[in-house]
Amino acid sequence: MCSISFINLISISLTCFLLSLYYLLNNMVYFIEWEVVSLNSMSIVMTFLFDWMSLLFMSFVLMIASLVIFYSKEYMESDENINRFIMLVLMFVLSMMLLIISPNLVSILLGWDGLGLVSYCLVIYFQNIKSYNAGMLTALSNRIGDVALLLAIAWMLNYGSWNYIFYLEVMQNEFSMLMIGSLVMLAAMTKSAQIPFSSWLPAAMAAPTPVSALVHSSTLVTAGVYLLIRFNIILSTSWLGQLLLLLSGLTMFMAGLGANFEFDLKKIIALSTLSQLGLMMSILSMGFYKLAMFHLLTHALFKALLFMCAGAIIHNMNNSQDIRLMGGLSIHMPLTSACFNVSNLALCGMPFLAGFYSKDMILEIVSISNINMFSFFLYFFSTGLTVSYSFRLVYYSMTGDLNCGSLNMLNDESWVMLRGMLGLLFMSIIGGSMLNWLIFPFPYMICLPGYLKMLTLFVCIVGGLFGYLISISNLYSLNKSLLNYNLTLFLGSMWFMPYISTYGMIFYPLNYGQLVVKSFDQGWSEYFGGQHLYYKLSNYSKTLFLMHNNSLKIYLMLFVFWIMILFSFLLFL
């Protein structure tokens with residue numbers, strides 16, 4: 001099943017890519033209406049939008065999905081239910097396709113809900129309590145976005161149809177469009193894990209690594225960004241853009257800080273995804289939707305590769321994800337390490353790799369834009385943090401000696417997994433320049449003073465140096481003792497967001513419920529209700545019983561009283 005899925009997906013991906021080139025060069029957009037049902041004067045119409053953006057994104061999603069399925073053939077080979085796993089991944093791809101090509105909020109909701117459901121099924125794939133908790137957090141966080149989309153659909157009942165693409169430009173200054181825009185922005189923020197919905201993304205790492213490579217790095221989490229790219233007119237003409245810029249900038253900063261304190265390999269990469277999502281969202285909120293799309297596509301390539309390499313390493317380390325137990329992997333697993341380092345350098349923005357073209361252009365556009373100092377600081381400091389945690393990860397895992405058991409089976413001979421990784425390695429090297437030439441047919445001339453031109457490079461070098469310093473264990477423990485423990489805890493646990501999203505949401509309602517049960521159900525209502533009534537009646541009964549038992553006269557007198565009462569009652573009738 002893996003091979004069939006791989007061949008089908010890769011061929012559809014190539015077709016989509018060639019079509020997107022044709023559409024891009026001829027500046028074409030196809031809007032297709034398919035009449036599903038026509039009954040009396042009512043018709044149900046399904047609409048599809050094919051332009052270079054949807055086709056290019058679709059081809060990238062399909063390409064990564066095909067390579068991930070190929071990779072899973074070996075990664076999941078010990079799983080008896082591998083076909084079920086492949087079916088779930090294919091259902092995910094189908095939902096993603098529906099989301100990408102829909103210019104209609106109802107069909108977008110179908111794809112959106114499909115993504116949420118399949119994502120939940122994949123997160124709880126390894127069935128244990130941690131996976132169930134992570135799955136529940138993922139599903140419930142995403143439900144907020146689903147409800148926001150439903151409200152947007154309800155609000156669009158005022159219009160002629162749900163094809164939002166018709167109304168965006170015409171009605172961009174109206175309150176109703178602003179309302180729809182704010183609801184769509186809320187939905188996109190939950191799906192792309194922006195503050196305050198960030199805690200679900202690192203929790204979703206409980207899923208198998210191929211799922212993390214496809215779903216939680218390159219496709220599902222970018223669905224929110226893609227939706228906002230379609231709604232970008234509303235962001236740039238209202239205060240929503242400024243709010244999104246602040247929240248996504250803080251997300252980028254928070255994830256960068258958190259990754260420097262983390263020791264779980266998959267969580268570091270998840271936080272790096274969160275940081276890059278913040279970068280896409282923030283540049284999109286400034287109105288540069290093409291740049292956001294460019295970074296979305298290049299990021300998908302190197303981040304999927306990074307997760308695949310992490311999966312190969314975890315597989316060889318006997319399913320251990322702790323980077324403190326790794327070391328010297330470049331000697332034992334040279335090819336995997338080469339792929340890992342290339343994807344890491346692409347993430348840092350190493351010149352002429354995939355990430356460089358998009359990140360460098362974003363930071364130069366930020367430098368030339370009319371933007372406040374705080375946002376400027378968030379952009380550049382977060383870039384430095386990205387390089388820092390990437391280099392820290394490399395120093396921990398690639399250099400030094402292996403820190404796990406002396407008897408190990410480290411080898412680099414998983415050929416099926418390596419072939420899948422090499423396909424993405426090729427794209428991570430040439431993908432950036434290729435997309436640069438395609439999306440921006442004429443070169444951007446960004447004229448900046450020398451110190452601003454060199455600032456990106458300087459920030460990267462300083463970040464790399466800082467990453468090296470905190471990877472030295474002695475210095476790191478000194479750094480921890482210098483910092484206040486509570487501050488370290490705060491920075492290292494995503495600003496307490498996982499606690500706020502879980503215990504914070506449930507603690508007060510449960511506490512209140514306990515008080516209600518204690519005071520009412522098992523307190524006053526017991527006293528005034530059933531228990532008290534039972535107590536009083538049993539007391540009366542005992543008293544009467546005593547009287548009856550101890551005095552025959554009283555017993556017989558009561559008979560006389562009852563007969564007299566009965567007679568008087570009958571007389572009155």
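Glycine is treated like the rest: Cβ placed from N, Cα and C.
The structure displayed is predicted, hence computed values, not measured ones.
The annotation domain 'NADH-Ubiquinone oxidoreductase (complex I) chain 5 N-terminal' is assigned in TrEMBL to 37-85.
Annotation source TrEMBL lists domain 'NADH:quinone oxidoreductase/Mrp antiporter transmembrane' at 102-385.
If you look up TrEMBL, you'll see 389-569 marked as domain 'NADH dehydrogenase subunit 5 C-terminal'.
Here TrEMBL flags 7-25 (among others) as transmembrane segment.
Residues or ranges marked as transmembrane segment in TrEMBL: 45-70 (among others).
Beyond the ends of the transmembrane segment (82-101), by six or more residues, the same chain brings 1-2, 5, 9, 48-50, 54, 57-58, 61-62, 65, 68-69, 72-73, 76, 107-108, 110-115, 118-119, 121-122, 125, 208, 210-211, 214-215, 219-220, 223, 226-227 to within a C-beta distance below 8 angstroms of the stretch. Annotation source TrEMBL lists transmembrane segment at 82-101 (among others).
Sequence-distant contacts of the transmembrane segment (107-126) (same chain, at least 6 residues past either end, Cβ-Cβ under 8 Å): 46-47, 85, 88-89, 91-92, 94-100, 132, 134-135, 138-139, 142-143, 145-146, 149-150, 153, 187, 191, 204, 206-208, 211, 215-216, 220, 223, 227. Residues or ranges marked as transmembrane segment in TrEMBL: 107-126 (among others).
Through the fold, the transmembrane segment (177-201) approaches residues 112, 115, 134, 137-138, 141-142, 144-146, 148-149, 151-152, 155-156, 164, 167-168, 171, 216, 220-225, 227-228, 231, 234-235, 238, 240, 244, 247-248, 250-251, 254-255, 270, 273-274, 277-278, 280-281, 494, 497-498, 500-502 of its own chain, all at least 6 residues removed from its boundaries and within a Cβ separation under 8 Å. Summarising the annotation, TrEMBL assigns transmembrane segment to 177-201 (among others).
What TrEMBL lists as transmembrane segment is 268-288 (among others).
The annotation transmembrane segment is assigned in TrEMBL to 294-314 (among others).
Beyond its flanks by at least six residues, the transmembrane segment (335-356) meets 272, 276, 298-299, 301-303, 305-306, 308-310, 312-313, 329, 383, 386-387, 390-391, 393-394, 397-398, 412, 418, 421-422, 424-425, 427-433, 456, 460, 463-464 of its own chain at Cβ-Cβ distances under 8 Å. The transmembrane segment annotation in TrEMBL covers 335-356 (among others).
As annotated by TrEMBL, transmembrane segment applies to 376-395 (among others).
What TrEMBL lists as transmembrane segment is 416-439 (among others). Cβ atoms under 8 Å from those of the transmembrane segment (416-439) belong to residues 21, 24, 56, 63-64, 67-68, 70-71, 73-75, 290, 293-294, 297-298, 301-302, 304-305, 308-309, 311-312, 315, 335-336, 338-339, 342-343, 346, 352-358 of the same chain, restricted to positions at least 6 beyond its ends.
What TrEMBL lists as transmembrane segment is 451-470 (among others).
Marked as transmembrane segment by TrEMBL: 482-500 (among others).
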For the domain 'NADH-Ubiquinone oxidoreductase (complex I) chain 5 N-terminal' (37-85), the DSSP residue counts stand at 28 helix, 12 strand, 9 coil
With the greatest number of Cβ pairs under 8 Å to the transmembrane segment (376-395), the stretch among 7-25, 45-70, 268-288, 482-500 is 268-288
